[in-house]
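Trainee: Below is one structure. I have some questions about it.
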Amino acid sequence: MKSVTLNSGHQMPMIGLGTWRAQPEDIEKAVEAALNDGYRHIDTAFNYNTEEPIGKTIKNWISDEKIKREDLFITTKLPNVGNRPEDVEKFLEMSLKRLQMNYVDLYLIHMPFSFWGDPETFAPLVNEDSTFQLHDDNDIVSTWREMEKQVEKGKVKSIGLSNFNIEQIERICRSSKIKPAVLQIELHAYLQQKELVEQCKRHDIIVTAYSPLGSPGANSHFISKYNYSLNNFPDILGHPTVRNLAQKYAKTPGQILLRYSNQRGIVVIPKSLNPNRIKENIDIYDFELIEDDMQALANLDKGEEGRIFDFLFFKGVEKHPEYPFKQRLTEDGKRLS
Ligand SMILES: NC(=O)c1ccc[n+]([C@@H]2O[C@H](COP(=O)([O-])OP(=O)(O)OC[C@H]3O[C@@H](n4cnc5c(N)ncnc54)[C@H](OP(=O)(O)O)[C@@H]3O)[C@@H](O)[C@H]2O)c1
C-alpha cells in the first residue's frame, strides 16, 4: 500500500475504506474483508454509526495478533453538533470509547458550520418549520485550538478539516500552532477541486477525496432521509471516457477513477460493502495512466456543477455564517440548479 507523509510526520495510506451509509453488522464484515485484503486505513465519523463495529473488528484482530494498532490509520470526525471548543474533547472521548482505542490517527472537524444537538441522542435539533437549529456564532479558530490540545494530550496523532473552503482554511492556517495535516473534501472526476488542491499543496496539507466514485446511491439516501434530491444525479462510473479507459487498461471504471486521483497525489476512501469491490478498489497499483489519459480524465471536471454534497439537505444551513458553499446559491439564497 502506498503512503504519504503528513506534515505531522505520520504516514497515511493512500487508500482507505469509507464507511458512511452502512448498517453496523455489514460494516463488521466489510472491515474484516478489507483488513484481509491489505487495507490499513479506515474512515469513519461520530455520526456514521460505524465506529463501534469498526472498533470491535479491529480489537479482535489485535487480540488475535493478526495486526498491531500502530499498523493502522483510523480517521474519525467531530460532528457538526459538537463544533465548539467546549465539546471537542467530549466528542473525541465518545468516539475513542466506541472505537475501543486510546488514540485516533486523524481527527477532522467534519463541517465548518454548527448545529445545536439533543444532549441525549446528539441528533441535530430542528425547528417547527423543519429548519435546523443553527449555532451561528461558532468560532472555527477556537474549535481548532481545542483540536490542537488533543494532539498535545496524545489522543490524536494528526488533525485536519473537512468541507472547509479556501477562506476558512486560510483563517485556520493563519492562527494555528499546529497546521491542518489533511483536508477531506468531495473530489471526483466531475469535481476536481483544482484550486483547493493547489492551496493545500502550498500549505503542505494532504487532500483526501471523499465520494471518489461519485457516491452512487447517495441520491436515494438523500430522498429517503431528507426528502431532498439532486437533479441529474451524476453517473461518473458510466461516463464513456471512464469506460473506454477501463477497457484499454483491462481494469474497472472504479479502478480508473481511484487511480486517477491517487496519481494526482490525492488519498481516496471509497466505500463498499461488497467483498469483490472492496478487493477491486485497492488493486490499483499494477498499472499507470499515461499523461494523455490523465488529461482526458482532467477534462471531465465540471467545477461547481459537479458537486453532490452541498449539504442543503440540512434545511436552512445556507444561513449559517460558516456555510462553505455560498457559490452554490443565488442572490436570494436559493440553490443554483
Ligand atoms: N467528510 C464528509 O463530509 C464525507 C461525506 C461523504 C462521504 N465521506 C466519506 O467518504 C467515503 C466514500 O464516499 P461515499 O460513500 O459517499 O461514495 P463512494 O465511495 O464514491 O461510493 C460508494 C458507493 O459506490 C459503490 N461502489 C464501491 N466501489 C465500487 C466499484 N469499484 N464499482 C462500482 N461501484 C462501487 C458502493 O456500493 P457497494 O457497497 O454495493 O459496493 C457505494 O454505494 C464515505 O463512505 C465516508 O467514509 C465523507
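Glycine too: its Cβ is placed from the backbone N, Cα and C atoms.
Copied straight from TrEMBL:
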- Y48: active site, proton donor (ACT_SITE)
- H110: substrate binding site (BINDING)
- 15-301: domain 'NADP-dependent oxidoreductase' (DOMAIN)
- K77: site 'Lowers pKa of active site Tyr' (SITE)
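Quick one: where do these features end up spatially?
Mentor: Here Y48 (active site, proton donor) comes close to T19, W20, R21, A22: these same-chain residues lie at least six apart in sequence, with C-beta atoms under 8 angstroms from its C-beta. According to DSSP, Y48 (active site, proton donor) sits within a helical segment.
Non-local contacts of H110 (substrate binding site) by the CB criterion (under 8 A, 6+ apart in sequence, same chain) comprise A45, F46, N47, K77, L78, P79, N80, N83, S162, N163.
For the domain 'NADP-dependent oxidoreductase' (15-301), the mean pLDDT of the prediction comes to 96.
All protein chains included, K77 (site 'Lowers pKa of active site Tyr') registers 27 other Cβ atoms within 10 Å of its own Cβ.
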